[in-house]
Amino acid sequence: MSLDSFVIRGKKRASGGEVCSSETRGSGKKRKVEDVKSSDDKSQLPWKKLRAENLDLDYVRLYSKKEADDLLKELENALEYNTGHLARVQMFGKWIDIPRKQVAHGEAGLSYTFSGNTIPARPWNPALTRIRDYISSVTGFDFNFVLVNRYKDGCDYMGEHKDDEKDLVQGYPIASLSLGQPRDFYFKHQDSRGKNAARKIDIVKLELEHGGLLLMNPPTNQFWYHALPQRKKLGNVRINMTFRKMNPSVCKPVKQGISPK
Ligand SMILES: O=C(O)CCC(=O)C(=O)O
């Protein structure tokens with residue numbers, strides 16, 4: 001994986017962090033590079049890290065193109081997405097359809113409550129179980145829940161938000177795996193949002209690649225919003241899976257969702 005594709009270069013180059021790569025071409029500057037292994041060095045993968053104030057991200061191209069192609073195909077066949085009420089969120093008091101498709105899988109009884117809705121976990125399926133276990137083996141963290149988002153093309157998106165809900169185990173990383181259409185992704189510090197922002201902190205921009213794994217480590221989600229903006233010219237499907245550790249004693253009780261295909 002070239003770090004050039006992790007951190008967007010040129011005008012859109014990441015900033016605000018002690019980023020990046022001795023390989024960064026075109027920026028005119030040689031930047032600091034640090035290859036990271038997970039804390040107990042479980043993985044020999046070439047992790048790249050990106051740091052800014054209270055932002056802590058690790059990224060690696062986890063799957064080869066062929067592996068990622070195969071997984072995308074398998075998931076396109078295996079996953080069914082929520083419809084009706086479960087495909088809606090509440091924004092400023094109004095219910096709206098989410099601009100993408102979504103489903104959750106995980107241990108029985110878990111759910112995820114955000115934007116006014118509670119999404120129940122359907123049972124793990126073979127593909128998600130394999131991916132979860134591989135991510136656990138390379139990160140050293142175990143996960144009991146995955147939220148899957150499917151973007152049919154560049155018109156689908158996810159707005160700015162923080163993953164800081166109470167039903168997540170606090171102080172635990174979120175592992176985000178992307179398959180399909182590479183998409184821009186950005187982080188914005190909470191103090192630098194809006195016209196009357198208290199401070200000016202540079203946005204951190206990345207490109208999430210086919211087969212790329214982004215670890216959002218604490219305390220990132222306490223301080224930084226993230227979003228996947230629209231890119232209307234992009235035509236291909238993308239699936240993102242955020243593997244999470246939910247706290248069963250905080251999750252709202254729900255019936256487990258419908259079984260997977
Ligand atoms: O599709 C993505 O990469 C964004 C996912 C995300 O922000 C989330 O699940 O909280």
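From the backbone N, Cα and C atoms, a Cβ is placed for every residue, glycine too.
TrEMBL: automatically predicted annotations, no manual curation.
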Hey, TrEMBL has substrate bound by Phe92, Gly93, Lys94, Tyr112, Thr113, Phe114. Any idea which of Asp156, Asp164, Asp184 it lists too?
-> Asp164
Averaged over the domain 'Fe2OG dioxygenase' (142-247), what pLDDT does the prediction give?
-> 97
Candidates Phe92, Tyr112, Phe114 (binding-site residues); min other-Cβ count within 10 Å returns Phe92
Would you say which of the binding-site residues His161, Arg244 has the most Cβ atoms within 10 Å of its own Cβ?
-> Arg244
Based on Cα distances to Gly93 (substrate binding site), point out the closest of the binding-site residues Asn149, Tyr151, His161, Thr242.
-> His161
